[in-house]
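Colleague: OK, TrEMBL features for this one:
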- 15-75: domain 'RNA polymerase sigma-70 region 2' (DOMAIN)
- 100-151: domain 'RNA polymerase sigma factor 70 region 4 type 2' (DOMAIN)
């Protein structure tokens with residue numbers, strides 16, 4: 001059974017965080033908002049089941065990421081257009097450090113980006129990331145290590161470390 005007040009509280013308490021995490025993964029605020037909207041719609045449709053999970057927010061994040069992957073598979077033509085016409089400019093109202101980190105994240109392998117975002121921005125443990133992504137703990141560790149190495153050349157000393165940035169991205173600043 002769906003409890004609207006329970007879902008409303010869940011939504012209000014998590015939507016900003018989930019949107020920030022998806023923005024960090026996708027590099028596009030509009031795309032992140034669309035993914036989050038669809039994932040929360042699915043959560044509402046299945047709220048009787050989802051509310052019983054230990055981590056409904058993780059479920060929403062995983063669904064949003066799967067929606068993203070499905071859309072990506074269908075977006076070959078859009079990617080070609082981006083290569084021809086350039087990448088859209090970042091949100092002009094965004095924090096410059098946030099924009100720099102998002103730009104750096106966009107340059108690394110998507111699986112590494114997912115591990116880095118879930119660990120540093122979402123604050124999940126390596127074991128939680130393994131559960132959410134369906135890969136082995138060793139794979140998560142390797143993706144994190146390689147992701148950090150891949151990010152290093154793209155981040156200047158002026159960009160804050162992930163732990164302090166994570167507070168802003170998760171809405172706890």
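The backbone N, Cα and C atoms fix where each Cβ goes, and this holds for glycine too.
Please treat TrEMBL annotations as automatic predictions, because they have not gone through curation.
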Colleague: Helix, strand, coil: count each for the residues of the domain 'RNA polymerase sigma-70 region 2' (15-75), based on DSSP.
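Modeller: Residue counts in helix, strand and coil order: 52 helix, 0 strand, 9 coil.
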Colleague: Counting each residue once, how many in the domain 'RNA polymerase sigma factor 70 region 4 type 2' (100-151) are helix, strand and coil under DSSP?
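Modeller: Across the domain 'RNA polymerase sigma factor 70 region 4 type 2' (100-151), DSSP assigns the residues as follows: 42 helix, 0 strand, 10 coil.
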